[in-house]
Amino acid sequence: MVVPEFRSPQCRALCTKLLLTLWVFSFVGEACKKVTFHVPSTLEADKIIGRVSLKECLSSADGIMPSDPDFRVLDDGSVYPTRAVVLSDEKRSFTIQLSDSKMQTQKEIPVILEHKKKVLKKRHTKETVLRRSKRRWAPIPCSMQENSLGPFPLFLQQVQSDAAQNYTVFYSISGRGADQEPLNWFFIERDTGNLYCTRPVDREEYDVFDLIAYASTADGYSADLPLPLPIKIEDENDNYPLFTEAIYAFEVPEGSRLGTVVGTVCATDKDEPDTMHTRLKYSILEQTPPSPGLFSVHPDTGVITTVSHYMDREVVDKYKLIMKVQDMNGQFFGLISTSTCIITVQDSNDNAPTFRQNTYETAVEENTYNVEILRIPVDDKDMINTANWKANFTILKGNENGWFKITTDPVTNEGVLCVVKPLDYEENRQVTLEIGVNNEAPFIKDVANRIPTMNRAMVTVHVKDQNEGPECKPPEQYVRIKENSAVGSKINGYKAYDPETKNSNGLRYKKLQDPKDWVSIEEVSGLLTISKTLDREIMAPRNDMYNITVMAIDQEGKSCTGTLAVNIEDVNDNAPEIIQDYIVICKPKMGYTDISAVDPDEPIHGPPFQFNLANTSPEVNRIWTLNQVNDTAARLSYQKTADVQIYNVPVTVKDRAGQSATKILRVNLCDCTHPSQCPLRSRSAGITLGKWAILAILLGIALLFSVLLTLVCGVVTARKGKHFPEDLAQQNLIISNTEAPGDDRVCSANGFTTHTANNSSQGFCGTMGSGMRNGGQETIEMMKGHQTLDSCRVAGHHHTLDSGRGGHMDTDNCRYTYSEWHSFTQPRLGEKLHVCNQNEDHIPSQDYVLTYNYEGRGSPAGSVGCCSEKQEEEGLDFLNNLEPKFLTLAETCTKR
């Protein structure tokens, strides 16, 4: 194939134009999806129309250019009119050109703005009379710029009504800004309808004024309907965006990952929302310290995040950011405000504690404990007095016996090593410990790598020797010795030793406790010497060890105490012994009896026992037989022909080792049914009384005689003390129921005659009624009755009372003589009779019935009875304590 060569200049120019055209068309890409917006007929300036998805068309567009200058498109695809646009047609279209300079790609997005008019439905035509409806005057959209510079009054628009064609119309307005607050900001010319504003307006104070226009004739007729006339204030970017806080304070963990949210800043703008005046962009203006840059802020949301993982609190613990916010979507002509943001880096446990040395050495004396022996310092760069800084020490090796304990000093954060159990120089002269340290909070690198890391150090503890005195080990030692060993024999004693020399040289021994004082101890050797006979059977309990407490003392006076347990081996030093001494056998009911024996020795020297009759006399062997029952008992039987009496039966018992003893049993062969019925006289016949028993018997007999003598004397004294019979009246009442003075109570001077035949006689001779005494008798005559009382016999102390009514009574010893009785009663009876005779005419007798019918003034005597006061006599108190023999008479008189 032959390629023609274009050599002419015309051909070359044509080829150049063709290549240029192809190059231009290479930048023109295919059109993206068409976007349609339904909008009103009038579009306000800077009011969003809609949003176009730019990334769906070209994801990496760095150039955005609308084909129509009346519109602008932001980075997020928002479409705004740059001025007020009125759609004359139903549609208006333009394109958004997107370009990517790196990829050398260009695409277009068709945008269509549609305005749909309302279509009225067709109505069926009817044959009606056509009327012309009154057309309403329509307002023209009106607005004014915020903070307008005038000149004022500023013309806004002209309002005209169709009624002006037929009438002379006058215009007026009302509403806020005209005749309402704020007043007179707007007015309208009455004749022309021109609307004016008188002053600048702040949109943030008043964003719209809703006025109402009126058209009326001169006579006040409303030529047209009132017209709403809104006046919108167009926003001006006159307000700076402001942060909500002057200083923000945030915290972020140390070593945070990329993209960790630190906090959010926020700003507000008072300008009209959803306009460029309030589209804010955030940015970081300055960071202190300046490098490296660790933070970024989202331009639209204000969210601050980390952009680096290198954030170390130990290097920088606090950052200061100067935040900037700018309206007009961050364009260079937007208004700017700033704020301060303080970011504090929170501490994380990213620094492990470390020992300052790898090895440590210390020393401690043996046998000391609860003492501090070493302080181990550590370094930690984390924040002081936090869980990331506080150290936690652990003994990893060398403390298997629990000798040591390590704690943390909360002030210095040092490890404090202490000895809690005493160390023994002889056993461990040196101890090596491995100490580990970490923090209370987990190490973040351990968590991330899941590999525990712990700093470690070695500690060598040297144990110092100390004279700790002798040691009694074991605390109990045992020794065996035979019972009844010879006094003065020696046995091994308690052995203590010096832990340093491992022997007992230089130690002295001392006995502290020996319950029976059986042994003595040698001071130097510690050997025990038997000082008394050892008797195992007196120990309680017998099979227990005999414990001796011993003290070992070294040359410096230090001591220890141990126990020597002596096991006393039993020997057959005790013969078996029969328990019974006296036995009762009831014949013929009981044909035998059992006897038993005991041996205090060990069982090896004890049963089985052998029982035998020790007496070889034919009489004993003929009557008694002895048969073995078991190891410790035998049965003693008798012949039926044996007589009932007490027998002395000798029985020999022998243990298994041949040790034997003989005992004579007193066997009472008795004719009874039960042993308790057998008399004990035979049993006690052989009993002899001691001197103390005889003395006790004599004292008992003397005491018995003294008691009997006291009783006899008491009976005699009681009989002598009885004076009168208990009842001289023989329980007979004297009849004295007359209205006149009784003959048994009233004494008369004429009727009371006393004749004394013998005044020298002893005793008390009493009368009841009248009586007489002749030849040693005493006669007493009274008004009524006759009684004779024999003379009181002094020698026999026996008195006889013969009653006039036939009564008879004997009395015992008299208390008074007759002269004493006569001298006592005679003056008083005479005085009584004399007083009665003197007052007989003046004082009525109290034994007669008297009438008291005078109701006048009171009686001078003060009583309706007899003169009781005059009847009272001195010296008659003895009548208040009568003897029992007079009580019956006194009670009878009192009842009356």
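Numbering starts at 1 and runs along the chain as displayed.
Cβ from N, Cα, C; glycine included.
Marked as domain 'Cadherin 2' by Swiss-Prot on the basis of sequence analysis: 244-355. The average per-residue pLDDT of the prediction over the domain 'Cadherin 2' (244-355) is 90, rounded to a whole number.
The number of other Cβ atoms within 10 Å of the Cβ belonging to ASN166 (N-linked glycosylation site), over all protein chains shown, comes to 9. What Swiss-Prot records for ASN166 (among others) is N-linked glycosylation site, and it gives sequence analysis as the kind of evidence.
The N-linked glycosylation site annotation in Swiss-Prot covers ASN392 (among others). Every protein chain considered, the tally of other Cβ atoms within 10 Å of the Cβ of ASN392 (N-linked glycosylation site) stands at 17.
As annotated by Swiss-Prot, N-linked glycosylation site applies to ASN547 (among others), with the evidence given as sequence analysis. Same-chain residues at least 6 positions away in sequence with a Cβ under 8 Å from that of ASN547 (N-linked glycosylation site) are, in sequence order, GLN513, PRO515, THR563, LEU564, ALA565, VAL566. In the three-state DSSP classification, ASN547 (N-linked glycosylation site) falls within a strand.
Residues or ranges marked as N-linked glycosylation site in Swiss-Prot (evidence: experimental evidence): ASN630 (among others). ASN630 (N-linked glycosylation site) is surrounded by 11 other CB atoms, counting those within 10 A of its CB over all protein chains shown.
Positions annotated as signal peptide by Swiss-Prot, on the basis of sequence analysis: 1-31.
According to Swiss-Prot, the feature topological domain 'Extracellular' maps to 136-695, an assignment based on sequence analysis.
The feature topological domain 'Cytoplasmic' is assigned by Swiss-Prot to 717-896.
Annotated pair ASN166 (N-linked glycosylation site) and ASN630 (N-linked glycosylation site), C-alpha to C-alpha distance, rounded: 164 Å. Here the Cα atom of ASN630 (N-linked glycosylation site) is found 79 Å from that of ASN392 (N-linked glycosylation site). Taken residue by residue, the domain 'Cadherin 2' (244-355) breaks down under DSSP into 6 helix, 50 strand, 56 coil.
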